[in-house]
Amino acid sequence: IVIVFKLFSLVSLLTVGLTGTKLGCAEGGCGACTVMVSKYHPHQNRIIHYAVNACLAPLCSLHHCAVTTVEGIGSVASKLHPVQERIAKAHGSQCGFCTPGIVMSMYALLRNNPQPSMHDVQEAFQGNLCRCTGYRPILEGYRSFTKDGGCCGGKAQSNGCCMTNEHTQDSTLPAQKLYDQSEFMPLDPTQEIIFPPELMVKQPQRELRFAGERVLWIQPCSLEELLELKATYPNAKLVVGNTEVGIEMKFKNLLYPVILAPAYIPELNIIQNTQDGIQVGASVTLTVLGDVLRAAVKKLPAHQTEVFKAVLEQLRWFAGQQIRNVAAVGGNIMTASPISDLNPVFMAASCKLTVMSKGEKHVIEMDGKFFPGYRKTILKPEEILLSIEIPYTRKGQYFSAFKQSPRKEDDIAIVTCGMNVFFKEQSNIVQSIRISYGGMAPVTVLATATCNRQWNEELLEEACTSLAEEMNLSPSAPGGMVTYRRTLTISLFYKFFLNVQHKLSLDLLKEVFNIVFFVVVVVAIRRCAQNSGLAAALLVPIISSLFTAVHSVTCVGHIVGAIVADTQAHAQRAAKAVKISYEELQPVIVTIQDAIANKSFFQPVRSIERGDVAQGFKDSDHILHGEMHIGGQEQFYLETNCTLAVPRGEDGEMELFVSTQSASKTQALVAKALGVSANRVVCRVKRMGGGFGGKESRSTILSTVVARPVRCMLDRDEDMLVTGGRHPFFGHYKVGYMNNGRVMALEVTLYSNAGNSLDLSLALFHMDNSYNIPNIRGTGYVCKTNLPSNSAFRGFGGPQGMMIAESWMSDVALSCGLPAEEVHTATFSLSQSIVRRMNMYKEGDFTPFSQRLDNFTIDRCWEECMQLSDFNKRKDAVEQYNRQHRWTKRGLSIIPTKFGISFTAVFLNQAADIHIYVQYHSKDLGKQIFFFSHIFNLGIIINFIMFYRTPDLGYDFETNSGRPFNYFSYGVAVSEVEIDCLTGSHKNLHTSIVMDVGKSLNPALDIGQVEGGFMQGLGLFTLEELRYSPDGYLYTRGPGMYKIPAFGDIPIELKVSLLRDAPNEKAIFSSKAVGEPPLFLAASVFYAIKDAITAARAESNLTGPFRLDSPATPERIRNACEDKFTKLCPPADPGTFIPWAVQV
C-alpha cells in the first residue's frame, strides 16, 4: 500500500515549489495549468508526449510517467527555450498568467511534431484561454515554428519569403514590424530533455494501490483483476482521464471512496478492424481514437467512412486538446451526459458495445433504451464497458453529426445530434432513418418517427412537424433556451436534409429538388416571471476557526464567514459541511425589470440635458422608440483573487502579497480590520494575472478576510459567484430624425444593475458615442438588486452607453432604408472626395456635458479604416454573397468610438513622486535613531516631493458645466461576419481597426492592448452570457458554462493600424490611454451580425427596426432569423411558467 497524504491532483504537488504552472479554474477549462506528461506506452511500444491539465490529472495516474513543467524547458536564469523566447519577443504575454500553459501546449506539440501546420497549432491551443492579448501575437509568434511560417533572415529573397511577400501585398498603409523573426533561436529537437531511462520499462504486472484520506485508488494490471475488483466494489468508479469524476468531486461535492484505474489493461486499449467496423477499447483516449479514424478515412472508400467522419467532426470541437489527450471513449459513454457530443452519434450509428462482468460477456446495441434515466445506463453495477464497435457505412447510407454551442471551441453543447439515413438501392426512397439528440431531455434520446418515402420536400415538412411534436421541452427545463433548442432540432435536421440531398443528387446523377421556402413570425421570450423568494445556502466549515461575518445577506454569494484550516482541501470540505438557516425577505429583486417595478434605485438619479428636446421632436419628420438589453460580463482574469498575509512580529505589523489593482485601499481596509494604523501594513503587488477592473475594489473583500497569517485563493467558481462583473444595462430610447437620417432629438433612459451595493460604472457621459445630437436628454438609474455587487470592468459603463447609442443609430438607418454607414456619414454623393458626415461630431463641437472636442481625429480614423478594410469593395461582395445564399448571410458594419479619459471621481486624477535622500556616517546606533527621530518630529522633508494634479477637471450635474475628461481617445473598426441562419452560429471573417493612441510609446504594446481589448469586447457583445436563476443564483461559474473568446474566435483576417501624426499634448510624451477605448470597437462585429440578420429577415419580407439584445448569442441570432421552422416551435406565454434563467 502506498499512502498519499492530502494531495490528489498534480497541480497540488506543483505548488510545493514549481510555481510556473498556474491554477486558473480547477476544471480543465482554461489551460493555465498545462504540463507535458511523457510515458512509455507498452501497447504502442514507443514514448508518447502529451499535454494535460494538471488540475485534473490525479497523481496516482502518473505512475511511471515523466512530468515536464515550464521550468523544465528553460528559464531566464539559464536559457530560454525557443518556445518561451518566441512568445515573449512576439509580445504574446501581457499579465503572463496564461503564458506557462500556452508555452507547454506548444512545447508538447513540437515534441510530437517539430514542424507542425498552422492547423495543428490552433488545435493544440483549443484548451487554452487568454484574457489579455487577443491571441493574435501568440499565433503570429508560433507561426514561425510551422512548415511555411519560419523566417529565412533575408537569405532567400524569393516568393516564399515574408520580406518579399510584404512588398507584393496590396496595401496603401505602410506596415511596421513589431519583432524580427531572424533573431529567434532555432528549434533543435535533438537538444530536448530525454525521457528518463529508468522509466523505459513495461508496467509492472501487479496491482497498485494508493490510499488517501477518503479515497482508495486501485490500478489493476489485468482484466481479470479489474472484473474481480468490480464485483467486490460494484459502486466503484472507473477513471482513465478524471475529466468528469474530478469535476464531480470538486464542484458537485461527490465522493467516490473507491476508484479503479483501468488505463493500462490491454483488452481495454484494443484497436482492431472487424468485418463490420472498427473495435475500440473503452480506455482508448479521444486523441488516439481521432488518429485511428483519420487513418481509416484516408485508407477506406468514402462510402464506408460516413460515421467515422461524423465522429471526427464531433471530436474536432470536443473540449480542448489537453482533455482529449486523457479522456477515454468509454468514459464519455458511461458518464451518460445528456449533452454528450459523441453519444448521439454512437446511438444514431447503432454502435455495438461489448459489456463484461465476472463470468459473463455480451454485446448490446446502443439504442434508445441504453440510457434509462439521467446519468444512468442499463449496465449493472458489477459490469464494465469493454469496447465499442463503430460500424462502417454502406453505399446509399448518409450520416452527419452536428453540435451547436455558444462557443465553437471547447464548449458544452446546447443541442447535439447524430443523423443516419439509408436509402433503397439506386433510389431516393428512404429505407430507414435514425436520429438521436442530446440536450433535449435528461438523456440522449432517439427520435421514434419512421418513414418509407422519397427524400423530398414533403418528407421534410412531415419530419419537421414530427420533430416539433416529439422533441418537446418544459418551459422551465434546465439550461433554458427552450424555444431555441426546439428550433435547433428542426434546423439541424434541415441542414442534414440539404447535405443528404446534395450527396444523393451527385450519387444518383439527378438534379437537386426544388424547394419552396415559407417564413413565419415567432416572437421570442424576452422577460420572465418573478420568483416568489430567494433560496440560498452558504455552507461554512466546522474545523479550525469559524468567523461569523454577517447576520443578514442580500444576495447569493454574500460572504457570511470564513474558515482557517491546515490545508485548502480541509477548509473547503469543512465549508461544505455547515448549514445555515435563512428567513426569506421580500421582495426579491434580481432583474432590472424587477427593480423598475419596485422602484429600487440607488440615489442620486443622474441626468444630462442639452437643447430643447421637446421642440426637437416636433421638428423631426419621424419618431421611433426602441430598447435594448446588454448583458453583464465576468472579468475572468486567469488568476483569481488571492492573498498571502504574513505577520511581521511586532506592533501588529502585517505584510500582504495581494493580486489587486488597489494596493492603497487594500492597505487601509486591512489596517482597519486589524485595528492598527495603515503604516503597519505593507501591501505588495509583484505581478497580477489579469484584473481589468475586477480587482479594483472587489479584491479588498478577500484581503480583509485573511488579515491573519494565512494564504487564501478563491476557486474560480467562488470568485465568479462573489465578486460580480460588468454591469448589465437596459436602455430605452426615443429618437426624432429627418427623412435623410439626420437625428434631431434623443431621449434615452439607462438602467444599470448594480447589485446590492454601489460600485464603479457610469454610462451617461458616453450616451452620444461619436454623434452630435442638438437636442438630447439622458437619465441614468442605478438599480439596487439582490445580486453580488457588480464592479469596474474595462470601460466603466462606457461600452454599454455607446452600445445603446449604436442601437438607435442602427434603428434610424433601418427606418430610413439607408445603409448604416450612410447614416453614420450621410454619404449624399459617392463621387465627392470628402464624405460629408451628418451625425458625427466635428472639430470644436461640444458634447452634451458641455466639453469642447479639440484634436478630434475620428474623421481621419474613419477614412483610414475605410481604406484599410477596402470597405466599398467588401460591401459589394457581401451584397453579392447574400443574393446567392439563402441560409447563410453576411453582414458588414463600421463603428466609431469616442472614449473619455480620466476618473470622473476628481480626486483620483493625481500622482506624487517622493524622494528622500539621507546620508549619515555615524556608526553609533543610538545617535542614528535619535537623528532620524529628530528629523521626522520636526517635520523636515528631505530633498523634494513632486506632486501632479490633472488641471481643470470637474463636472457639475446640476448646472451641466465643467470638464469631466482630460482628453478623448478615438477609433474606428470595420467588421464582416457570416451567420448560419439555421443554427445562429457566426464566423468572424474580417476586422480592420484604426486607433488613435497619440504618439505611441511602444507600438507593439499598444497594438497588443487594442487586440486584447477588442477580443474582450467580442466576448461581451457576441459570446459571454451570465445566466442567473430567478432567485439570483449564478449558473455560469467557470469555463465549463461561461465562455470567453478562444483562439478560434479571432477574425480570420485582423488588421490593426495606429493613427499617425496625432500627438496628444495632454499626456506623457504625447501618448494616449489605450487599455479601455478599443473594447467598444468589437460592437462592429455585433452590428455586422445585425446587418446579416437584416438580410435574412428580408428573405421573409421583414423590414425595419428589430430588437437584438447583447450578447448576440446563437440563440438570439437564430430566433431573429424568423422562418417557417421557428413557427413550429412557439414559445410558452410569459407568466405561465418559472423560467430556468432570467435576463438580469
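Cβ atoms are placed via backbone N, Cα and C, with glycine included.
Annotated features, as they stand in TrEMBL:
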SIGNAL    1-26  signal peptide
BINDING   CYS25, CYS30, CYS33, CYS55  [2Fe-2S] cluster 1 binding site
BINDING   CYS95, CYS98, CYS130, CYS132  [2Fe-2S] cluster 2 binding site
DOMAIN    210-395  domain 'FAD-binding PCMH-type'
BINDING   LEU238, VAL239, VAL240, GLY241, ASN242, THR243, GLU244, VAL245, PHE318, ASP341, LEU385, LYS403  FAD binding site
BINDING   GLN661, PHE692, ARG794  Mo-molybdopterin binding site
BINDING   GLU696, PHE796, THR904  substrate binding site
ACT_SITE  GLU1076  active site, proton acceptor
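Taking a C-beta cut-off of under 8 Å and a sequence gap of six or more, CYS25 ([2Fe-2S] cluster 1 binding site) has these contacts in its own chain: ALA32, CYS55, ARG716, GLY1038, PRO1039. Taken over all pairs of the listed Mo-molybdopterin-binding residues (GLN661, PHE692, ARG794), the Cα spread reaches a maximum of 13 Å, rounded to the nearest whole number. ARG794 (Mo-molybdopterin binding site) is 5 Å away from the residue listed as 'active site, proton acceptor' when you measure Cα to Cα. When the Cα atoms are compared, CYS30 ([2Fe-2S] cluster 1 binding site) and PHE796 (substrate binding site) turn out to be 26 Å apart. Considering only the binding-site residues CYS130, LEU385, the Cβ with the fewest other Cβ atoms within 10 Å is that of LEU385.
Cβ neighbour density within 10 Å is lowest for CYS95 among the binding-site residues CYS55, CYS95. Separation of the C-alpha atoms of CYS98 ([2Fe-2S] cluster 2 binding site) and LEU238 (FAD binding site): 31 Å, rounded to the nearest whole number. For GLU696 (substrate binding site), the nearest neighbour among the listed binding-site residues (CYS33, CYS95, PHE318), judged by C-alpha distance, is CYS95. For ARG794 (Mo-molybdopterin binding site), the count of additional Cβ atoms within 10 Å of its Cβ stands at 24 [all protein chains shown].
Every protein chain considered, the tally of other Cβ atoms within 10 Å of the Cβ of GLN661 (Mo-molybdopterin binding site) stands at 20.
Each residue contributes its Cα atom, and for CYS132 ([2Fe-2S] cluster 2 binding site) and PHE692 (Mo-molybdopterin binding site) those atoms are 9 Å apart. Listed in sequence order, LYS230, ILE259, LEU260, ALA261, PRO262, GLY330, GLY331, MET334, ILE384 are the same-chain residues at least 6 apart in sequence whose CB falls under 8 Å from the CB of LEU238 (FAD binding site). Distance noted between the C-alpha atoms of CYS33 ([2Fe-2S] cluster 1 binding site) and CYS130 ([2Fe-2S] cluster 2 binding site) is 13 Å. Pairwise Cα distances among LEU238, VAL239, VAL240, GLY241, ASN242, THR243, GLU244, VAL245, PHE318, ASP341, LEU385, LYS403, the recorded FAD-binding residues, top out at 27 Å. When Cα-Cα distances from GLU244 (FAD binding site) are compared across the binding-site residues CYS130, GLN661, PHE692, ARG794, PHE796, the shortest belongs to CYS130.
Among the binding-site residues VAL240, ASN242, GLN661, ARG794, PHE796, the residue whose Cα lies closest in space to that of CYS130 ([2Fe-2S] cluster 2 binding site) is ARG794.
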